[in-house]
Ligand code: LLP
């Protein structure tokens with residue numbers, strides 16, 4: 001469910017016409033719906049109602065301060081994977097006690113920062129990392145609460161680039177080494193085992209592999225408790241898929257929550273979740289303007305002013321995004337088949353291949369749907385294109401929450417070596 005609908009023949013975000021924002025801010029531009037963000041956060045919170053549960057929104061999906069603050073007001077915590085994300089979450093008002101620090105390669109500086117902030121939990125992924133964390137914690141006179149991210153050797157399905165729970169993936173401690181790692185924690189100063197962590201992938205459209213992984217984790221929790229460890233939390237990661245097409249049918253949060261209730265029943269565990277895409281994905285669109293149509297043999301290239309530097313997902317994962325004209329067309333309008341491409345000098349700079357669309361002309365605007373997660377966060381300045389701006393809509397008001405830098409700002413961090421100046 002989202003709040004992007006046609007009203008009076010124009011695509012709106014909530015009560016604001018996308019044309020109004022595009023006229024004001026220019027294109028390309030990301031537009032987010034606060035109502036959709038809130039709704040998704042509430043649907044998930046309601047699904048886990050009555051359980052001891054921390055919803056640690058995965059900042060990597062969309063870390064804009066305005067988005068984080070909107071979610072903080074809904075009670076969300078944060079799952080962070082870098083010092084920068086930790087700083088963003090804190091700046092948006094998310095208390096350190098609701099922050100978990102994931103990631104396969106944390107630096108000492110990041111560990112120190114997180115310890116000084118007093119975060120809820122470190123998810124560690126190797127005994128080498130454990131050793132470093134122990135040293136850093138001792139040096140600042142703190143004890144780090146840790147969960148070991150285990151690799152359950154379960155395939156999550158979906159695109160191989162975002163599957164993380166198979167043995168052979170770089171993520172997590174191999175299943176058979178998990179108990180030894182906890183034994184090591186018990187003997188190490190500066191670290192305390194409080195939980196077990198697992199995350200098997202992203203855009204998962206089937207509950208079964210998640211259930212399989214979580215059931216394995218519960219047997220591990222029992223074994224660890226028998227070994228004498230005081231395991232009181234499980235972090236079950238993120239990964240729930242969203243509909244990118246009207247025909248996609250991912251499990252609803254209610255079914256996901258019901259499965260987790262069943263799996264964790266009677267275990268006396270605090271459950272931590274790290275949802276990213278399911279909260280932010282359908283809460284954002286990328287608005288772009290058609291530049292012109294270039295007919296070519298067997299193809300019509302529809303060139304738009306957004307590029308793969310603004311939205312990487314199609315180039316990286318051959319991901320599908322629906323693309324809607326901002327000006328509403330009739331259902332019976334004749335369709336034209338387009339390859340919708342950006343201006344970047346790469347053949348992968350393609351948002352859609354052989355897509356049937358109503359006739360589009362230069363100057364028409366398009367909305368690339370479901371771009372709220374892993375959109376702006378993955379953007380770059382490749383081809384010296386200023387970073388794409390972001391706008392947050394709330395009802396009938398909107399605000400620019402990241403502005404487009406001008407050319408001088410874009411190059412402001414660079415300096416000329418003295419021998420060249
Ligand atoms: N927790 C951990 C440890 C993760 O690695 C991730 C995502 C999440 C939580 C959040 O997963 P979500 O609920 O959003 O599925 N750029 C890719 C997705 C990469 C996901 C990376 N990890 C894409 O655009 O599809």
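Every residue gets a Cβ built from N, Cα and C, even glycine.
Going through 239, 307, 330, 342 against TrEMBL, the one listed in the pyridoxal 5'-phosphate site together with 274, 275, 276, 277, 374 turns out to be 239. Across the structure, residue 313 (substrate binding site) and residue 60 (N6-(pyridoxal phosphate)lysine) place their CA atoms 14 angstrom apart. DSSP gives residue 313 (substrate binding site) a helix state.
Checking the recorded positions 345, 346, 374 for a CB within less than 6 Å of any atom of ligand 1 leaves 374, listed in sequence order. When the alpha carbons of residue 277 (pyridoxal 5'-phosphate binding site) and residue 345 (active site, proton donor) are compared, the span between them is 29 angstrom. When the binding-site residues 239, 275, 317 are ranked by how far their Cα is from the Cα of residue 345 (active site, proton donor), 317 comes first. Distance noted between the C-alpha atoms of residue 275 (pyridoxal 5'-phosphate binding site) and residue 60 (N6-(pyridoxal phosphate)lysine) is 10 Å. Among the listed binding-site residues, namely 317, 374, the Cβ with the most fellow Cβ atoms inside 10 Å is that of 374.
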